[in-house]
Structure formats: C-alpha cells, structure tokens
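Structure, as structure tokens:
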DNA sequence: CAGTGAGCGAGCTTCCGCTTGACTT
C-alpha cells in the first residue's frame, strides 16, 4: 500500500516528503516530460512524409500535436513508471498554473495509471498547507490544459514558419519567435533612435555659495524671467530646441559674459519651499526584479543570477527562484518583521504587515516571492555563505526584510536666489527618518537617479537672507542619446509587457546573442546588422506578430480558453489558416519578399548599402559602373557606422590600404588595414613570392588613427627576445597572440611546457618595451587562471586525504550545488547525503561508486559550442584510465 | 585567423516553457 506523488523538482520532492505520511513516495518529473519534436531527428517515422511533419503539428487535422518524449526525459519516465508499479494511488502535485496543469496531463497520458489518480495543489510548503491540500484534491482542469496546448502550438507555428522564411530570404540558421523577435525589435528600435539622435549643447551657470560657513550650490534657472534651456528642451532628432519652447539657449560666450556680470553682486533668497514626502519599500523579489537588481548592483548576468539562486534554493537558503509573485506567506512576513525588530528596533517596523499585489501582465502566481527560506530568516552572516552566493542572499534578505519596514520620511527643499536679473535655484533633501533605507535602497539603470536617494544638505535659509557667493562656474552640457538596453532594462520591459516567463528571461538574452542578433558591450545590448535586416522584414510583412502587445492579447485569449469562453481549435485555425492567418500570409508574401532587398539594410544618411552576406555584413556601392564591396569588421556595430567609417572602409578597398611608411631596415612598405577581426598592420604586399606577408593585429587601445610607424615596426618584429632565464638558461620572449600580448618562458615550465603569462591591458607593461626583469617577476607569480577572482576557489569543507593515495578530498560549492573534488574529478553529493555532514569514508565510497559506473560513460554528446572557429579548444581526453584501474 | 559576397545541392537549421544533468577552464 503506497501512494506515488509527482512534483516538478527534486528539491520540492525532498521538502514535501517531510510532511507526508510514511507510505507516500515522492518523485520529480523534472519539468515537462513530453513536447513537440524539437528537430528533424525526433519526428516519428510515421508522419515524416507529411507536409506538416516539420511543424510537429497536424495543421490539416484540427492542429493535432505530435508529442514525443525527448531523449533526456526517457530515464525520468522510466523511473516514474517503475515507481507507479508499486503504487496503489497516484497524486499529481505539479504547480497550479497553466504549465503545471499541462505537466500533470502529460504524465497521465504517458504513465496511463491503472490506479486511482488525484490532482493536488498547494501554494506553501508547510505541514498544514500540504495536509490541507491532500484532503482537497480535485480533477485535472482540461480547459487549462487546452490553454497550454494552444500556447505551445501557437509558439511552434510562429517559430517554425517564420524561421524558414528568414533562411530563404536572409541567412540560414536565423530564428524568429513570439518572444525573441519582440526582444530583438526593442533593441533595434532603440538603436534606430540612437542613430537618429542629434546632439545638442548648452551652457549654464553653477554658483558656489555659503551661509553661516555651510557651503551649497545653486544652478541658473532663468534670466529676465525667461527659462534657460536644459537637456529636456532639446529635440532628440534635430539637436535643436523643440518648437514652441519659450527658453533661451546659452552658448559658452553667453554663459561666461553672464558670469562676469554677476560676480561680486549681492545675492538674495527670494523664495523658499519645503515639501514632505514618504517612500514605501519595493516589493519582495520576483525572478525579473531579482535579475534586474543583481545586474545593477552585483553586475551579474541574468544567467549567472539564476545559477547562483538555484544553488541557494537547492541548499535550502531561499524559496523557489522562478516566480512572478510578490506574495509572502504569513510565516515569511512574521519572520521578516522579527528580523526588523531584532536588527533595527521596533521603530523601524511598518505599523501594519505589508502585503504587495502582483501587477505584471499575465502573472500566474504559482509560488511565493523569492525570499530567505524558513520561518526564521538566517542573517547573511549566519549562513556562512561566500562570494556571489553570499552577495545574492544578502540582496534577497535585505529586500525581503525592507519590505516590512517603515516608510522613509524625507523633506525636499527648493530655494530660489536672485542676483541682478538672474534667478538661481538650490535643491536640497533631508532624510527625516531613514526607515527601510537602513536595509535596502533599490538600484537604478539611470546613474542620475541613483543620486536622488542621497541627502543634499542645505544651510538654514529664509526669504530675505543674503548668502555669500564664492564663485560662479560656467558649465557646458551635451544632450545624451537614449541609453541602450542592459540585461536589466530589457528584462524589465519584457516583464512589464507580459512577454516571456520567469523561467525564460535569462535564456531569451542567450538566444538573441547566440543567433548573432546582439552582442554585449559594457553591459549593454548592441544589435547587429542581421538584427536590423530581420527586424525590418518582420515589421514590414508581419507587423502584428512583432507588435509589443501581441503576447498580452494572446494571453487574454488563453485566459478565456481556460475559463471555457473561447474554443481553442477555432482560435488556432483562425490564427494560422484564416484569411489573415499566418500560413495564408506567408504564402502570399513569400513571392513578394525579394531576398536581395531583405538582405539590404537601410541606414539613413549613408551613401551606401549594407548587406548581409555569407561571411557577415558588408558594404556595397557603385563607382564608375563597378560594384565595390568591403567587409565590415566584426565588432563594428550599426551604431558605429557613419559616413566617415564608410569612407575609410571603401577607400581601403579602392585605393589599396593606407601606407603607414617604409620599414627602416628592409625598406618594405607597411600598411594599415581593417579586416573582419579588426585593424592590423602588414609588412609588404601579397604577391606570388610572398603569399603570406607578416601581419599583426593592433593591441587594444590602439586605433588606425593613433598608430605610429615605430609601433607598427615593433609589432611586426614580434615575438621579441628579452633574454634568457637566469635559472633555466632558456629564452624569454614577448609576443602578440590570439588572446593579446603575452610573455613566454620557452620550455621553462615543469614537464617541459612553455610557461605563458598574459600582459594585462590594465597594467603599465607594454609588449614592445617590457624589460627582462619585469618578465621574470611575472613568471615568478602563479598563473591567474580564468576564474573570476583569483585562481583557486576555496573549498567549502576539507575532508582530509584519500586513504590509498593521500590525495586531498574537498567539498566545493558549484553552480549545481556542492560537490566532492578528488584529483580532477567532480562528484556531486547525492540526495541522501549533506555537504555539511559528509564523512571522509562516505566520500571515498561515493568516488568508488562513481569510477565503476563511469566505465560506460556516454560515448558522445552533441556539441553545443558556438563559433568554435575563433576559440578552438583543446579537446581533453575523456578517458578516466588513471582511476578506473 | 585574414581580403570572399554567384554556384553544385541532401539534409538540416528554427519556437517557448517546465526542469536538472554532467563538464572542464
């Protein structure tokens, strides 16, 4: 007699196990166990001949989906089937949202239980909640399942009909989708705005004043009652003052003249305003807000944030990390309030427990907000966590605790000061009661806004006061183009539009980067030329699908499907086969979309065309009846491409490369060229005798404009001999490699390997001038490795040495939880054991078990590496011969 | 590592959302 309970995740399985009777067995489905075939290899042979097989959906027969169990889920299904054999009852306890309901339905379809089956849902993992849920089981909600199928099928239809169109018209392997294409479009639209942006400049005055020895600053507001122009008065597209603004624009001369006129004149306080306001703390974290804050405050990518959060979750530090809910359980609120009282005192507690309402579109709220786990929150210090885990936990702890703290009370002050016919203003801010600021201040994408939280002290001033003026400064300003999207601001926008789900925000960014639609530059997402081409095609021919509101409209329909107000198959039929349906449109538009046109990117104010070619983007133009093409270097983005850049690239192509000068010794010419990997110098010309002339990339920081003949000669003479190592007597050289400048001790390392050290761009050292002494110094230091901070990670626990070979055994904390490291092997700690209590004996056992099972290790794995051409990896042998014996 | 952009042409590429796994640098 036993009951089998199935949930999504192993961690959840472990926790609810505690609250269930002994004869209950809990297993995890690991998310969805069935899906539409992902690629051609998964399409069942029976339907392979059908026209629609590539879609995985029979669009000719009521959109019947072909579901398959993907390879990596076969094992899970087998485990579940085995478990079911011993069960007298099945309880499906997946999340209560659309996807969760669907997972349960697929489980039923695949497991075909012969025993009674119930559906159970709970929102909190407490004994009470689980007991309660167990006694209030219900049936599967078929309408909700249909809503999920509709979502799944619609996404498939969009993705798998538009992507092939892009392969035909623009380039192979591109992709389009309901979510990613809107994300790309947001980035492209912002870049267009940036391209269209025209800078405006203006001047104003800043006065340094003081009253009773307290200094303060004031800014010029108006002269003769007319407002002085500031940034917001400018039109972004012209760089001029917006039409109809009654302002006066000061240039440098105006500002200086005014300054001279006002210096030494008496100042007078003409107005004084004080305004009190209050601020509430931000709600506890959801996936989206956690990713935003971790990106802003810890500079973590969305993906890294999730990895660290997963580890915190699995080790019981935080609640589930994929959620769109800001809801806190009663226990959590009590725990947060307890923390406030303990750490900050009762004055800092919000008078009433604060509960926030989720307002993002399409939220499904199957979980709580992300918060410290348990009924008593461990302080960050108590956890014993380190590095990123500590930093992220700290962030979550503070945000949760702050949400139950008192409001901030502050006073804003605005003081007007007259001098002659000019009016200045000083703004101040006083924090009367810091409230939740004591624990947490929300980050911002806008550096100016971050300053807003700071206090700005003003002396006590009253109308009629006459402060002293020490100095007046004329300050020049330039208007800024709209900022590019960061991961944080993109996730924020997507979430507020209801696009994407907590489990996908991180991967959306991954997808658009993998497809070459965007690249990351200084934490900003910069779209590629391909992104421009794809985006334009979609906007021109499928505007509805890339509309920002498409997902929200779809969600509204899905909701109606789940309540039974709309039928799912007619909706899909209309969407795909209707007069304005997707399939109909693709058929009609296909002939009209000219590939040449689709590959061409229209960039305003450019005298040439940019086209997407087999080897990346290139310029194309006509000159004297001939077509000239020129590659665009990889790291040159649409925003960098102005007519000046175009001219350089084309001139290089038509007139040959720029000659930097002659080599002082050989007399050969040295050229400066731009290739797809950026600028480089070349000695001599390509000819039959000399098919591969000596070349060298310009090191970081050098541009074709700044490089001198001397540097070029130096670069071309690399690698350079510095001298010999005093101990080994071997050569020490400095050179320029694929990863930048380096020094090397030839055959100097242990086991006869060359010993390399990178010359860091941030250091004072230069490959061309670095002396032997400095090189020896660098070689004496250990390699820095590729790790984030320092080379060696500190173990979480040291277990001691292995009894047979005395090699150390340590426990480390990895992205997927703690693991044992022994020699070069990593063994994760199984469910039954804990990292804190594991003994040396047990570890040795686990290692032995691992070595024997590894003999039949997977033969090959799909390579997921992107662009290996530029980053060839040494393939390390996977044989475990040293430990198998 | 490198200066191309058309052509042979089988079979494949691709979506979104749920979840963890096994892997070195």
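Every residue gets a Cβ built from N, Cα and C, even glycine.
Feature list (source: TrEMBL):
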DOMAIN    A:141-583  domain 'Topo IA-type catalytic'
REGION    A:175-180  region 'Interaction with DNA'
REGION    A:781-812  region 'Disordered'
REGION    A:847-885  region 'Disordered'
SITE      A:32  site 'Interaction with DNA'
SITE      A:151  site 'Interaction with DNA'
SITE      A:152  site 'Interaction with DNA'
SITE      A:155  site 'Interaction with DNA'
SITE      A:160  site 'Interaction with DNA'
SITE      A:167  site 'Interaction with DNA'
SITE      A:322  site 'Interaction with DNA'
SITE      A:515  site 'Interaction with DNA'
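For the recorded sites A:160, A:167, counting C-beta atoms within 10 A of each C-beta gives the highest total at A:160. Here the domain 'Topo IA-type catalytic' (A:141-583) returns a mean pLDDT of 93 for the predicted model.
Residue A:32 (site 'Interaction with DNA') counts 19 other C-beta atoms within 10 Å of its own C-beta, drawing on all protein chains shown. Spatially, by CA atoms, the recorded sites A:151, A:152, A:515 include one closest to residue A:32 (site 'Interaction with DNA'), and that is A:152. The separation of residue A:515 (site 'Interaction with DNA') from residue A:151 (site 'Interaction with DNA'), Cα to Cα, is 23 Å. When the Cα atoms are compared, residue A:322 (site 'Interaction with DNA') and residue A:515 (site 'Interaction with DNA') turn out to be 25 Å apart. For the recorded sites A:152, A:155, A:160, A:515, a Cα-Cα cutoff of 10 angstroms around residue A:167 (site 'Interaction with DNA') retains nothing. A simple way to gauge crowding: the CB of residue A:515 (site 'Interaction with DNA') has 21 other CB atoms within 10 angstroms, across all the protein chains here.
The DSSP secondary structure for residue A:155 (site 'Interaction with DNA') is helix.
If you measure from the Cα atom of residue A:155 (site 'Interaction with DNA') to that of residue A:515 (site 'Interaction with DNA'), you get 18 Å.
All protein chains included, residue A:155 (site 'Interaction with DNA') registers 15 other Cβ atoms within 10 Å of its own Cβ. Recorded residues residue A:160 (site 'Interaction with DNA') and residue A:152 (site 'Interaction with DNA') have their alpha carbons 12 Å apart, per Cα-Cα distance. In this structure the C-alpha atoms belonging to residue A:515 (site 'Interaction with DNA') and residue A:152 (site 'Interaction with DNA') are separated by 22 Å.
In the three-state DSSP classification, residue A:160 (site 'Interaction with DNA') falls within a helix.
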